[in-house]
Every structure is written in structure tokens, then in C-alpha cells.
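Undergrad: Per Swiss-Prot, the feature compositional bias 'Basic and acidic residues' maps to 1-11, 19-38. Residues or ranges marked as region 'Disordered' by Swiss-Prot: 1-57, 138-202, 361-399. Sequence annotations record features per position, and here Swiss-Prot assigns compositional bias 'Low complexity' to 143-161, 184-193. If you look up Swiss-Prot, you'll see 162-171, 383-399 marked as compositional bias 'Polar residues'. What Swiss-Prot records for 215-280 is DNA-binding region, and it gives sequence analysis as the kind of evidence.
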Amino acid sequence: MEKKKEEDHHHQQQQQQQKEIKNTETKIEQEQEQEQKQEISQASSSSNMANLVTSSDHHPLELAGNLSSIFDTSSLPFPYSYFEDHSSNNPNSFLDLLRQDHQFASSSNSSSFSFDAFPLPNNNNNTSFFTDLPLPQAESSEVVNTTPTSPNSTSVSSSSNEAANDNNSGKEVTVKDQEEGDQQQEQKGTKPQLKAKKKNQKKAREARFAFLTKSDIDNLDDGYRWRKYGQKAVKNSPYPRSYYRCTTVGCGVKKRVERSSDDPSIVMTTYEGQHTHPFPMTPRGHIGMLTSPILDHGATTASSSSFSIPQPRYLLTQHHQPYNMYNNNSLSMINRRSSDGTFVNPGPSSSFPGFGYDMSQASTSTSSSIRDHGLLQDILPSQIRSDTINTQTNEENKK
């Protein structure tokens, strides 16, 4: 079965090939017939031209030297001069017209009889009526084609174009690589510069002032307004550390408050920076400002519910040493509570004017109520001052 199929397939292929051969032969025959017809039409056109020349010997034609007059006369089936001759009584002109009409009818097989009067060029001749224009040269920077067009020349020009394109692409790749390398170098150069700027932009830490105060309240009211912005656990201590910031616009003072793990009654308050604004004239809440000289064992009178503003001072007696000293710039202060509920409050120092105000010592005489108390009389109302003075005088009298 397979052999039969193969044989059938071969027969079909042979038949197709034979058909193709026949078609090509018929095409060739048709082309030859067309060429013969063209030769016949050319011969008839040449005979027509000869007849026109002979007719012009008996009857002169008005032939112009330019091509436009020739085409005008040839476009008409009968030249204009023949109509003029027909109006005359010449018998030969009528016969010539009939002869020319017969010749024009015989040449009607051609495409246009207006151009049949002119001899067509022979295909056998190598010369042509139109001159061949030179083909455009291949655009390349390396190879210039001056030879006539041929299959070999086209292959050379195409290879030269490909070589030029390869060179251009290679140059573009190298330029791109160089640009990428430059960009990477610029980025590497800018990164360390940015890091250096960031390091230099860090602000220097301002001086810190630490105070130790015995109090049950963590956030002591010192007259300024504070805003809590964070809290952090302290290592090896059950008490957290709170962070506060001054609420006045443009003031960067910070405060840290934490309770001591060794003595829970002590509150450590650390101030960082200095206030850039005046002290508030009306502090919040009731603030008891208790000042008195340090007596024999540091007992000064105060109510158990009130507390004092931290006022740093270096001049402390041997009986009242500071609990801790933090930085070189920091100042230590102790408010110690006695057995009867009183506080020990050292006086102010000129080295830290932002947290304390100077007060003169209260005397036992009655003139103490008339004595000038400095800035305190502008801040505290008169009732608070009179109450503190009265309590001091009463306790001194008891002693």
C-alpha cells in the first residue's frame, strides 16, 4: 500500500511538472507571437511614413520643426492640410486620402495609431533612446563604489554598510559604558560627603544640671510649663524615667525625672539647656518658697504639704553633704526632710540664675516684714510672704 501511495505521489508530481512545462512553453509561444505582431506593426508604420513622404512631394504639407505641431497633426485621423487640398479640384488628393485611410485601418491593432507614424526602436540594438542615470552611491565612510552596478558590487556595498553599522553600534556601547561609569563614580563621591555632613550636623549637647529632691511627687512644679514626650525603663531600677520639654516656642530646654532605685524617696531631676524666655509671672498652683539660714542641724520650718523650687548652691555645711555629683557643669542640691516634716533648702547661686531667686534672711525683729526681698515681692503675692514670715518668727520664739 505504501509503495502504491508513493508511486501515485510520484505520478502526481510528474504530472504537475509536465503541466508547468506546458504552461511555460505556452507563455514563451505567446511572447513570440506578440514580438512578431510588434515587428509587423513596425513595418506597417515605416510604410506609412514612406507614403506620407511621397504625398508631400505632390502636395506640400505644412510641417513644423517643433514636436508639438507634429503631435497635433498626427492626433487627428486626417491631417488639416488634406482638408484644404480636398476643397480644391485636385483628383489625386482624394485618392491619397482613401489610401491613407486604408493604411490607418490596417494599423489599428496597435495600442495608439497616433504614434505608429514614427519608427520604434529595435530591441536588437544595444543603444536606447533614454540615457541610463547612474545609481546612487552607497553611503559608507570606508568603501566608495565607483564600479557599475552588478551582483558583486551590491554584495560589497551591503557588507560595507553592515561593517559601518557594527562600528557605530560599538562606539555607542562604549560611550554608554563610560557614562555609566562616570555616574557611578559621582554617586560614590557624593555618598561619603552626605555622611560627613550628617555627622557634622549633630548638635553639641548642652550643659546638664542635676538635682536630688526628697518628695513623694515625681514631677515637681518649678514654675515652667512642661510637656511629657516620652518614658523609658531604667536598667536595674523598677522606676521609669520620664522626659519633658519646655512648651514655650523656641525654647529647647529638656527635663528628665526619675526616682532613685536605692532610695525611693529621692527624685532625680536633670535639666538640659537654658531657658530663652523670662520666668512666668504667675506660676501654676501654690508654691511655698521657704528660705532661712542653715541652723545647727539644718532644721527649717515648713508645712508638710508644700515643697520648694530647686535652688543650687555650693556652700553646704558638713552636716548636709550632697547625695551625688553628676557632671562638671552640674550642680547638686538636697532637700532633706526632718523628723517633724520640715525641708532643708539651700539658697540660690549666681552660676544658675534660671532656677532660683535670691531672698534675704528673715530676722527675728519686727522690721523683717518691711525689709526688701528682691525679685520675690514681684512674683509672690503679699499674703504668701506674710504667712511665711509669721511662721518663721513664731517658731524662732518657741525655741
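First residue shown is number 1, and so on along the chain.
Cβ coordinates come from backbone N, Cα and C, glycine included.
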Undergrad: Just give the helix, strand and coil counts over the compositional bias 'Basic and acidic residues' (19-38), going by DSSP.
TA: 20 helix, 0 strand, 0 coil
Undergrad: Helix, strand, coil residue numbers for the compositional bias 'Basic and acidic residues' (1-11) per DSSP?
TA: 10 helix, 0 strand, 1 coil
Undergrad: Limited to the DNA-binding region (215-280), I'd like the whole-number average of pLDDT.
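TA: Within the DNA-binding region (215-280), the model's average pLDDT equals 89.
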